[in-house]
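Quick notes on the structure that follows.
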Amino acid sequence: MMPAMRASLILGCLLIIGPWAILAENPLPTIFPDKDELVQALHSSFTLKCTGESEVSWQNPNSNPEKQNVVIRSEENNSGLFVSILEVSDASAFDTGLYTCYHNHTQTEESEIEGTDIYIYVPDPNVPFAPPGLFDHIIVVEEDESALVPCRTTDPSSEVTLKNIESSRTVFAFYDSKQGFAGNFPPGSYICETTSNKMVYQTEPYILQTWKATHNISVEMEAPKTMFRAGETIAIDCIVLDNEVVDLKWTYPGKQRGVGIRNVEESKVPYQRLVYTLTLANATTEDSGEYECAVIHATLDNRVVKKTNITVHEKGFIDLEPMFGSEEFANLHEVKSFIVNLHAYPTPGLFWLKDNRTLSENLTEITTSIVTTKETRFQSKLKLIRAKEEDSGLYTLVAQNDRETKSYSFILQIKVPALILELVDKHHGASGEQTVGCLAKGMPVPDVEWLVCKDIKRCNNDTLWSILATNGSEISMETHQDDEQIESQVTFKKIEETMAIRCIAKNELGVVARELKLVAPTLRSELTVAAAVLVLLVIVIISLIVLVIIWKQKPRYEIRWRVIESISPDGHEYIYVDPMQLPYDSRWEFPRDGLVLGRILGSGAFGKVVEGAAYGLSRSQPVMKVAVKMLKPTARSSEKQALMSELKIMTHLGAHLNIVNLLGACTKSGPIYIITEYCFYGDLVNYLHKNRDNFQSRHPEKPKKDLDIFGLNPADESTRSYVILSFENNGDYMDMKQADTMQYVPMLEMKEPSKYSDIQRSLYDRPASYKKKPLSEVKNILSDDGFEGLTVLDLLSFTYQVARGMEFLASKNCVHRDLAARNVLLAHGKIVKICDFGLARDIMHDSNYVSKGSTFLPVKWMAPESIFDNLYTTLSDVWSFGILLWEIFSLGGTPYPGMIVDSTFYNKIKSGYRMAKPDHATHEVYDIMVKCWNSEPEKRPSFRHLSDIVESLLPMEYKRCYETVLHDFLKSDHPAVTRMRSDSDNSYIGVTYKNEHKMKDRESGFDEQRLSADSGYIIPLPDIDPVSEDESGKRNRHSSQTSEESAIETGSSSSTFIKRDDETIEDIDMMDDIGIDSSDLVEDSFL
């Protein structure tokens, strides 16, 4: 046959046989009777027979669990077919439905049944509708799609009506008794209705819902891990977004073995999300392979498949893949990286070693990093930022997990140019032999060679250098080398003339050379002597410089008091009087032989204060107990000038009840002595500490722990010393050292109270109520007779007297600059006296003073403008007065308790921090402190205003008592008063200001008016008006002199009583023993 004809014949056969061959391969079973539907009578029986080429099964509609009337059995057929018989007895409405026979091998778990169908009706007049399925009453369809209401009837001839419950209207639609009503129905509730035996029957409501279906399917597969070890759990998520009308099928290696748990979770926030999870616990290597999830749209022919590969290892592993060799090189200062790739599971821990020691993570020029490139792929990088010579060494990367540890090591060599470490001349003494050593290093190790130049003056010409020739007798050479260095030595048996020798070291990175001059032995000794002299000279110069620096940094004594001469127009610059330009009146001079010194009351870095007895200082008091200020014998000239300045300022100021008054001075034929009043009770801080246990306050139950503000332990009170000005050195107050008992000269004490304070002590022991008190409560306030306790009235009295004393200093344009309780003394009668005790205080070791350059400053007492701008005025003294007021009402507490003077302290002062009210202060007293601590100096009250405020808190009787004591003082023959009175008859008493608004002018500006009471030195003062005699009687404050009518004529000190040469202080003490009243001979202070 022709080939073309044969091909056509074969193709035709295929076309004819092909479809039958396909049908023959998958034929459907056969049901007998061979009909589409049958109607069976109620309670009858029927049989269905199914025949197939393989095993067959039935799907029947019987949904009544209580009636087991269906029997299925198999029969054998001689033709080799498989036969299944379905027998139904006592048929009922529950048996109405579709019966399907199918081959078993054609069905899967998730596929629809494909077989041969027959529909059976069993009419029941009482049950016109076939029983519905479990979920048939909920109908969900896509928008604009046809819906099926499955109200099937048991009788095919029944007429059925569909009604909408909400509208109660009949819905016209196509009806099939095997399926129900089909059509496009709006959402709502529907019922089916039919009539049987003249009765109307209705179904349960059918709920119809529609949704807008998404045609697109968005699927994501998430597998946190794709690599596992045997025994771990595999978890894979298949996520469907924005579509819930889908079906999902898993395909994976373990599905045939029935392993795996499949779950689904749905969330609608923030968007529609279906998460299908496949979980396989205790994975094995058989679970390795491809995992697939197929998502199929429920109503559309859409399908999306996602796949991933899972690998399960029997155990963990680590594989290292270095990108470099076992020995590497890097140039000096080169940036170089070394990378190692890793394939490992589980994730390993990685670290680098250098010379078997862990590389520190804080290195700045060697960094390590780890990057994960894939799930089981990693990359570790060692990077040299600027390679250094010391970076050479053995580097090791160690990788380890819970099952395995692996490492990779390599040697790194840093190439370094040749470098000569030292070139030395080793002289061998008298033999004349000299050895020159050259030590060099580099990587690679350099080679060394020697050159010599014998014409020493022309060695800068390289052509005169020649290679050093060695011979065994005169010149020899030795070389020693290790892995890093090389040392070459040249030995000369004898050098007869000076020459230069050059060492050259070279390797592949560079060449370096150093030269050395070799000197003949005869010249060496001369050079040695010259060098020794030069070194000695340098040492001497350095020592002198150090001594000068130490001398300049040593603190110098300076008087704190300053007298203002003028002020700049803007008020920010003050010009102070140079005390050395003030005159010194010789009338203050007192003969040295009239002064007997006793024990030391206090000593400091610059001087001391000594108790003394002055003979002939006063006409009415032949012997007076005094305090004598003097410098130490080692004092410098600048400190002598400072003490002389203090003397001149005191003579300029004049006398006042509330300052420590000058009594005399010894300035000739010996050291300078300043003689001042002696105050029996010492400084105010000491007095407050001593009497704080006897303080009568509104809070007598206050516990002892409140003493912590003083930095003291109450249990130690019995051991604390309170003798005049002698204190224990606790660092809080003056470093007053106890005097040597061998130096002590006994002083006479008064036998009766002073005639200027002969007023009994008040019984007033309660806080001032600031109302007028009866005379019986305030009588004899200024006396210290009898009871040793303290009251709030005493504290107000101290405050008032300090304010009066500072008012007097302010009227003299005097700025104190160190106003504090330690610089306030207490005399008999509780008379307060302001002083400057800096000379006798060890301020270098006093915590109240802070070093600033060559001086020490009491920072905690200073105003902000003094601390930060070095500006001292009367208004800055007002700030210090507020601090002193806090000290008084805290009974001697240290200001800013618990705070040290540092940057934090300064910042707090700048930001407006102020101390809280002390325990014993009333709100009125604390208000005074706050006014004194105003950050703007011009808004602080003046001392005159402060005196008025405190005076208003005191009883009127106290004011009268104080004015009486002041008046008696100014009329007395006190040496300070008489010397000033003899200078001028113009009284200080009664000087006042024209207007109240000029109070600020007293601190901030002065005119050209001058007082004649200033010892002849002219100081500018504000405008003042003299007052009348009546006004003078009402306010007698400021006088440092009395009027001519009350003046007591006195002579100079040279005409007063002089101590006999053979008389001692001990002789005076004996006067009491023989009945002589010494009270007229000794005046304790001026009282």
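Placed from the backbone N, Cα and C atoms, the Cβ positions cover glycine too.
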Whichever of C101, C192 is disulfide-bonded to C151 when Swiss-Prot is consulted: C192
Disulphide bridge to C503 as given by Swiss-Prot, partner from C438, C453, C459: C438
Cross-link partner of C50 (disulfide, per Swiss-Prot) out of C13, C101: C101
Listed recorded positions (N216, N282, N461, N471, S603), ranked by Cβ neighbours within 10 Å, top entry: S603
Top Cα neighbour of L601 (ATP binding site) in the set of glycosylation sites N77, N309, N356, N461: N356
Cα separation, D818 (active site, proton acceptor) to N282 (N-linked glycosylation site) (Å, whole number): 87
Cα separation, N309 (N-linked glycosylation site) to N216 (N-linked glycosylation site) (Å, whole number): 26
Secondary-structure category, per DSSP, in which N104 (N-linked glycosylation site) falls: helix
Same chain, 6+ residues apart, C-beta under 8 Å of the C-beta of N77 (N-linked glycosylation site), given in sequence order: T51, V83
Residue from N104, N471, D818 whose C-alpha is spatially nearest that of G607 (ATP binding site), among the recorded positions: D818
V609 (ATP binding site): secondary structure state under DSSP, collapsed to three categories: strand
Mapped DSSP class for N216 (N-linked glycosylation site), helix or strand or coil: coil
CB contacts for D818 (active site, proton acceptor) [other CB atoms within 10 A, all chains]: 24
